Amino acid sequence: MFHPLRVLCLLACVAGWSIPAAGQTVWRCGDTYSQKPCPGGREVPAEDARDAGQRAQTSSAARRDAKLADEMEKARLKDEAKAAPAYIPPPKAGDPADQGDRTRSMAVAKKPAHFTAVSPKKPGESKPSKKAAKAKKSGD
């Protein structure tokens with residue numbers, strides 16, 4: 001059984017919590033909004049100026065859009081589930097790669113021969129100058 005005093009206290013508490021929320025002021029501080037005043041900030045009206053009909057229309061449109069979004073998601077998931085798997089054709093019977101013994105066609109790795117680098121110039125020789133190269137060509 002309800003005690004009238006408890007119900008009355010509960011209603012008073014709920015009403016006390018809702019009153020400060022309705023009377024809050026919002027401050028615009030540059031590009032941000034705050035509930036606390038700031039230097040150079042200005043107060044912005046935060047009350048909902050819509051009437052009850054407009055609020056009802058907005059909430060019904062939001063419910064309709066949410067329902068439509070759920071239906072579209074279900075349809076998309078259904079289409080994705082029944083999507084055809086990727087087709088990979090089977091190998092042809094006449095492919096030369098499938099015929100014959102593969103041991104003969106595989107190359108066997110060989111150890112490389114010892115490598116020694118050779119310079120075209122002998123040690124101590126310097127690069128001939130352009131004048132010497134021209135003189136040598138004109139002398140030939």
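Along the chain as shown, the residues are counted starting at 1.
Each Cβ is built from the backbone N, Cα and C atoms, and glycine gets one as well.
TrEMBL entries are annotated by machine, without manual review.
Under the heading signal peptide, TrEMBL lists 1-23. Look at TrEMBL and you will find 32-140 tagged as region 'Disordered'. If you look up TrEMBL, you'll see 44-53, 62-82 marked as compositional bias 'Basic and acidic residues'. For 129-140, the entry in TrEMBL reads compositional bias 'Basic residues'.
Within the compositional bias 'Basic and acidic residues' (44-53), the DSSP-based counts of helix, strand and coil residues read 2 helix, 1 strand, 7 coil. As a summary of secondary structure, the region 'Disordered' (32-140) carries 43 helix, 6 strand, 60 coil according to DSSP.
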